[in-house]
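According to Swiss-Prot, the transmembrane segment annotation covers 17-37, 60-80, 91-111, 137-157, 173-193, 212-232, 239-259, 274-294, 311-331, 338-358.
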Amino acid sequence: MNPVPAQREYFLDSIRAWLMLLGIPFHISLIYSSHTWHVNSAEPSLWLTLFNDFIHSFRMLVFFVISGYFSYMLFLRYPLKKWWKVRVERVGIPMLTAIPLLTLPQFIMLQYVKGKAESWPGLSLYDKYNTLAWELISHLWFLLVLVVMTTLCVWIFKRIRNNLENSDKTNKKFSMVKLSVIFLCLGIGYAVIRRTIFIVYPPILSNGMFNFIVMQTLFYLPFFILGALAFIFPHLKALFTTPSRGCTLAAALAFVAYLLNQRYGSGDAWMYETESVITMVLGLWMVNVVFSFGHRLLNFQSARVTYFVNASLFIYLVHHPLTLFFGAYITPHITSNWLGFLCGLIFVVGIAIILYEIHLRIPLLKFLFSGKPVVKRENDKAPAR
């Protein structure tokens, strides 16, 4: 069994927080990109589209690696049932809280913004269910996926731990070439599964819950397990934290391929399958790029960084409806895309931080948006003198 590191992994905490916060410029730039979203500017911006594609190509892949790393660390700290309970509470409670408080009002707002409120009663029962699945889960999808992954990893992590007890992990060697081949095969395997589903029963791919619970989990699970393995094997972790020109160059070429597929691919052909293969290896190489960069520049303790590490989940949860509100009611009055983008950042981040500070002063909200019980200090229990 692995000992839990005594020293805090500051750079991983920081990377995870900044990847979460990157969701803000990602969604604001989506308004000004050429991609169709709930709300869009009158004219798309080429550079903001490129910026949006860059963030989207790797952000959640690296995020799930870090999630797997910390998840296995906690797996060794707690008994199995307590580990599952703690992990599910910390992601499940904020998700269930955000649905009635954030994504439901967001859905109602969009119904009127997009002029769909009047047609809602005419939808079939299934269409209403599926629309609500997509719209209420919305940007919370990764929390649902983490709940599913945690449940699956009750068995997977047990198998990994049992195998480690019967093998010598010090002799386990990894190389980026071998990992690249493995992830290329995983990408091809995922593409085959998706294409098979598309041929056999294509409507299921547009089902929101199937997409989140099955397809997204299936795609991101290898990165989650990779994070756990990086915690177990120091050599693998060192492979990611050591700068590699080869990974940087390969990631750049893969991103170009990603853009070409976005530009010339067709959803009715092989665009989504090709994207899964490209992003699977791109995500692996970007783990090295991001980890090595973060290890060099972010591996320190800072009160300011700690503040945003603690605030990142709450800010991410509330930013999405704020972004859509900005896009629906403020964007049409700003003619410059770049000015609108900057104003959007100030608007969303500013209000999100204010809401974060307010929620810290309300114990119930603090618990609901973190999933962590409020611990009273001993001196709070002491009688006044």
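Even glycines carry a Cβ here, placed using N, Cα and C.
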Ask   = Per the 3+ Cβ pairs under 8 Å rule, pairs at least 6 apart in sequence, do the transmembrane segment (60-80) and the transmembrane segment (91-111) touch?
value = no
Request  = Tally Cβ pairs under 8 Å between the transmembrane segment (17-37) and each listed stretch (212-232, 274-294, 338-358), then give the stretch with the top tally.
outcome  = 338-358
Task = Determine whether the transmembrane segment (239-259) and the transmembrane segment (173-193) share at least three Cβ pairs under 8 Å, counting only pairs 6 or more apart in sequence.
result = yes
Annotated stretches the transmembrane segment (137-157) and the transmembrane segment (274-294) touching (3 or more Cβ pairs under 8 Å) = no
Inquiry  = Under 8 angstroms, Cβ to Cβ: which one of 91-111, 173-193, 311-331 has the largest number of such pairs with the transmembrane segment (274-294)?
reply    = 173-193
Key: Chain residues outside the transmembrane segment (91-111) and at least six past its termini with a C-beta under 8 angstroms from it   = 38, 117, 120, 132, 135-140, 143-144, 146-147, 150, 313, 317-318, 320-321, 324-325, 328, 367-371
